[in-house]
Amino acid sequence: MSPHQTENPKNDDAVVPETQWTSEFGEPSPLRKMISVSSIAAGVQFGWALQLSLMTPYVQLLGIPHKWSSLIWLCGPISGMLVQPTVGYYSDRCTSRFGRRRPFIASGAILVVVAGLLIGYAADLGQVAGDKLEDKVKVRAIWFFALGFWILDVANNTLQGPCRAFLADLAAGDARKTRTANAFFSFFMAVGNILGYAAGSYTNLHKAFPFTMTRACDIYCANLKSCFFLSIILLLFVTISSLWYVKDKQWLPEKEDLDVKTPFFGEIIKAFKVMERPMWMLIIVTAINWIAWFPFLLFDTDWMGREVYGGDSSGNDGLKKLYNQGVQAGALGLMINAIVLGFMSLGIEWISRKMGGAKRLWGVVNFILAVCLAMTVLVTKLAEAHRKTAGELAGPTDGIRAGALTLFAILGIPLAITFSIPFALASIISSNSGAGQGLSLGVLNLAIVIPQMVVSLGAGQFDSWFGGGNLPAFVVGAIAAAVSGVVAIIVLP
């Protein structure tokens with residue numbers, strides 16, 4: 001069955017031809033087990049939500065200039081480029097009695113705990129190591145933060161790849177169940193986003209953990225620390241309960257599989273060699289799509305603080321207060337975004353049928369993404385015009401604030417598609433390839449992390465060429481979104 005056929009509504013009940021893995025699992029697992037595994041995404045995404053909403057402002061409070069803060073985000077793409085394909089490769093071949101995927105998921109959860117503690121306590125550890133409270137650039141704290149950030153990205157990549165591969169295993173090649181499982185994964189990502197952004201927007205969370213506020217860690221830092229405590233608790237709960245409830249069958253390779261040992265990089269090359277045109281087209285569309293997404297995902301709360309509210313994290317007390325208010329408003333916007341994302345995720349299968357297939361749906365929502373990113377320019381210019389008449393510290397009007405939050409809300413629609421359809425298509429296509437589910441999803445992840453690396457390396461310098469701020473990167477994102485929409489409709493089968 002071709003990928004085109006699996007997307008045809010008339011063939012939704014068709015099953016992709018069996019691979020070695022589907023023959024071991026036989027019939028697809030019950031939906032409740034897929035939902036249980038998908039729930040791990042809520043714990044993972046809680047941490048991601050904290051990264052996206054609070055990390056860029058936090059690293060600037062530690063003393064890293066705005067134009068260099070994007071370099072911190074290189075941790076994600078580099079670890080994603082190395083970790084997901086590696087974890088996918090070895091999870092496809094893991095012979096543990098606990099199964100193929102569960103050992104990697106458990107290891108990732110443990111690493112998240114370590115990373116959360118390092119990030120939350122970076123300022124405290126920096127002070128113990130020799131940072132002074134009056135230092136504008138807290139070098140040692142930045143090193144502890146960077147180490148925790150790297151570990152967190154490695155942990156998240158160790159978790160997400162095997163989780164999606166586990167869902168594909170449980171679907172046993174059934175195209176409809178594969179899409180449904182990925183839709184639920186996207187839904188629980190939205191749940192994690194809602195919890196993370198809600199926690200990030202609540203300024204008194206540190207009162208629940210009074211020990212978090214120290215001489216080196218102010219209220220903003222204490223709130224971030226408290227958020228990570230909640231993130232760790234949620235992730236451990238969903239991971240332990242899911243791994244206890246859903247069994248992962250031990251893989252016992254055939255004798256010929258033991259005799260033929262292909263090196264890891266050889267498997268990567270093999271995966272690209274056996275890739276058919278539909279998978280290549282999927283990778284191209286995914287890469288262009290993520291060039292559009294990353295500028296906004298990395299700098300959305302910073303945009304609210306700087307451009308919409310007119311604040312400055314390194315300015316006087318008034319400008320710092322405005323900036324923090326903007327960041328909190330941005331976290332609220334991201335929470336609204338996550339609510340829309342959750343509802344949209346539950347309706348993806350039905351909407352896809354009504355619109356005539358996944359590729360048309362993906363193409364249309366990419367145009368929505370392009371329009372929203374372009375509209376950030378209008379909102380910014382209106383906010384600047386208001387400050388010229390009302391004063392530097394006036395903040396945005398209710399109308400401007402509502403306009404910005406509306407953009408956050410609408411962007412939940414294309415984000416739900418981005419979190420679901422590409423991964424479902426990759427799982428379906430890989431059923432006919434020579435590579436396992438873990439490795440195939442790891443290869444698709446390269447189409448995500450390479451654009452993130454491009455944005456991380458170029459966004460700060462690119463913005464500085466055009467006078468600083470976030471708008472230049474957003475405009476590039478709008479163009480990329482429009483291109484990905486056209487390419488999705490034209491080239492995807």
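The backbone N, Cα and C atoms fix where each Cβ goes, glycine too.
Quick look at what TrEMBL annotates:
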| type | residues | note |
| --- | --- | --- |
| REGION | 1-25 | region 'Disordered' |
| TRANSMEM | 40-59 | transmembrane segment |
| TRANSMEM | 71-91 | transmembrane segment |
| TRANSMEM | 103-121 | transmembrane segment |
| TRANSMEM | 141-159 | transmembrane segment |
| TRANSMEM | 180-200 | transmembrane segment |
| TRANSMEM | 228-246 | transmembrane segment |
| TRANSMEM | 279-299 | transmembrane segment |
| TRANSMEM | 329-351 | transmembrane segment |
| TRANSMEM | 363-383 | transmembrane segment |
| TRANSMEM | 403-426 | transmembrane segment |
| TRANSMEM | 438-459 | transmembrane segment |
| TRANSMEM | 471-492 | transmembrane segment |
* Asked: Sequence-remote contacts (6 or more beyond its ends) of the transmembrane segment (180-200), Cβ cut-off under 8 Å?
  -> 31, 34-35, 37-50, 53-54, 163-164, 167-168, 170-171, 223, 226-227, 230-231, 234, 328, 331-332, 334-335, 337-339, 341-342, 345-346, 348-349, 412, 416, 419-421, 423-424, 427
* Asked: Top stretch among 329-351, 403-426, 471-492 for CB pairs under 8 A with the transmembrane segment (363-383)?
  -> 471-492
* **Intrachain residues whose Cβ lies under 8 Å of the transmembrane segment (403-426), provided they are six or more past its termini** => 3, 7, 164, 178-179, 181-183, 185-186, 189-190, 278-279, 282, 285-286, 289-290, 293, 296, 300, 304, 308, 329-330, 332-334, 336-342, 344-345, 348, 352, 358, 361-362, 365-366, 368-369, 372, 375-376, 378-379, 382, 396, 440-441, 444, 481
* Best-contacting stretch, by C-beta pairs under 8 Å, relative to the transmembrane segment (141-159) and drawn from 103-121, 228-246, 279-299, 329-351, 471-492 -> 103-121
* Structure fact -> Of the listed stretches 103-121, 228-246, 279-299, 329-351, the one with the highest count of C-beta pairs below 8 angstroms to the transmembrane segment (471-492) is 279-299
* Among 228-246, 279-299, 329-351, which stretch has the highest count of C-beta pairs below 8 Å with the transmembrane segment (103-121)? -> 228-246
* **Chain residues in Cβ proximity to the transmembrane segment (279-299) (below 8 Å; excluding those fewer than six residues from its ends, i.e. six or more beyond)** => 52, 56, 70, 73, 362, 366, 369-370, 373, 376, 411, 415, 418, 422, 425-426, 429-430, 433, 443-444, 446-448, 450-452, 454-456, 459, 470, 473-474, 476-481, 483-484, 487-488, 491-493
